[in-house]
Amino acid sequence: MPDYAPSQRHDVLDEMRGFAVLAMFAVNIQLFALVWIAADIPGLQGDFDSWGDRAVWLVIQTLVSQSGTALFIALFGAALVLSVGAARQNPTRQWPRLSWLLLLGLLHAHLFWYGDILVPLALVAMIVVAANGMTVRGLWGLGLGLIGFTGLMLLAGSAIGALIGDSITAAGAMGFNPEAIADIEALYRTGFLARLGYNMSIALQSEMMQIVFMSGRIAGCLLLGMAGLRSGFLTGTWSARQYGWIAAIALVLGVAVCLAGAVNAMASGFSPAAVLQNRVAQYFGSLALALGYAAAFMLAAKLDLARAARAALAAVGRMPISNYVLQTLLMTLLFVGFPGLGQFGQIDRTGLALILVSVWVAQIFGSIFWLQRYSYGPVEWVWRSLTAGRPQAWLR
C-alpha cells in the first residue's frame, strides 16, 4: 500500500479534527443548556424520566464524553510539530502564535462561555512545544506518564469521594441545591449582561481547575499527538492491518469502559461514589476511544473508504476554531436571555439532540460553502493575521 502524498496527510488530519469539533459539541451542548454538573448528574435539572432522554445521555457518555477533546488536543500537538518544522526551530518562535490563541481563548471564555478549552490548551502548549526535540519514544513515554499521573490523582479523589457515602448527593456536596439552580436559571434568562459576571467567575474557576488538575492530561495528549505524527501513525505510514487492529481493540475497550461507568452511575441513582467512578471510567475510556477513532480514520483513508463523509468532516476541520466559536455564539443566542431566547434549563435531552444534529449539518454545509470562497475560517484568519502582524490574504 503506497504512502500518502503530503496533501493527503493534511486531509486526514483535517477529517479527524472536524470529527473532534463536532464530537466536543455533543458534550458541550449540555453545558450550554444546563448547569455544568447536569452533564454528569442528568436528573439534576430538567426531565430525565423518558427513555429518549436516558438514551441520549448514555450515548454521549459512551461515545464522545472527553474523547473528542482528547483527539482535538492530540491533533493540536501534531500541528505543533508541523508548525515547528522538520528543522525543529527554536520552540519559543511558537509563543507569539500561542499567545494570540490564548488571548482569543480568554475573550471566548470570559465574554461568552466558561467551558472554553483554548486557554489551557495554549498555556500548556507553550511549554510542551519544547519537547519536540525529544525522541519519539521519549514523547510516547512522557505523554503516557503525565496522563497516568493525572489519572492516579483522579483515582485518589474518587476513593476519597467514596467516603462521602449516600448521606449527601454529589450535587449537594458541590452546592447545587434546587434554590441555587433556580437562581442560575433566572440569571441566564435575564440576559447576556446580567449573566456576564457569573460566566466570568466560573470561567476563571474552570481555568484554574484545568491548569492545576488537568494540565497533565492536556500535556500528555499534546505529546502523544506529536509522537503520533513523528512516528508515522498520523501520516499513514503504518499498515492497514495495524490500523485495523488498533481501531478494533481501542474502540471495543473504550466503549466497554465508558459504558460500564455510565450504566453504573445511572443504576446507582447517581450516588456520589458512582458519579466519581464514572468520571474515572470516562477519563481512561475516552483515551482509548480517541486512539480508536484516530486509527479508524487512518484506516478509512488508507483504504479510501467513506470518501464523501470524510470530505465533509475535513471542511469542518479546516476551520476548527471558527466552528468551535460559532457553536458558542449560536448556543448563547439560544440559551441566554436578551438579546437571546433565554431557553436555559427549558429543553430536554431529546430536544438537545435535535439541535445538535441541526448544528452539525449546518456547520458541515456552511464550512464547505465558506471554503469555496475563502482559504481560512474567519477566526483562523484573525489568528494568522495577528501572528503575522498584518492582514493575510484569504480570498480564493
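Any Cβ shown, glycine's included, is placed from N, Cα and C.
What TrEMBL says about this one:
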- 230-389: domain 'DUF418' (DOMAIN)
- 19-39: transmembrane segment (TRANSMEM)
- 59-86: transmembrane segment (TRANSMEM)
- 98-115: transmembrane segment (TRANSMEM)
- 121-139: transmembrane segment (TRANSMEM)
- 146-164: transmembrane segment (TRANSMEM)
- 208-231: transmembrane segment (TRANSMEM)
- 243-263: transmembrane segment (TRANSMEM)
- 283-303: transmembrane segment (TRANSMEM)
- 324-345: transmembrane segment (TRANSMEM)
- 351-371: transmembrane segment (TRANSMEM)
Message = Could you check whether the transmembrane segment (208-231) and the transmembrane segment (19-39) come into contact, where contact means at least 3 Cβ pairs under 8 Å with the two residues of each pair 6 or more apart in sequence?
response = no
Message = What residues elsewhere in the chain lie close to the transmembrane segment (243-263), defined as a C-beta under 8 angstroms and at least 6 residues from its ends?
response = 57-58, 61-63, 65, 67, 277-282, 284-293, 295-296, 298-299, 302
Query = Can you say which of 19-39, 98-115, 283-303, 324-345, 351-371 has the most Cβ pairs under 8 Å with the transmembrane segment (59-86)?
reply = 19-39
Task = Take a look at 19-39, 98-115, 324-345 and tell me which one has the most Cβ pairs under 8 Å to the transmembrane segment (351-371).
result = 19-39
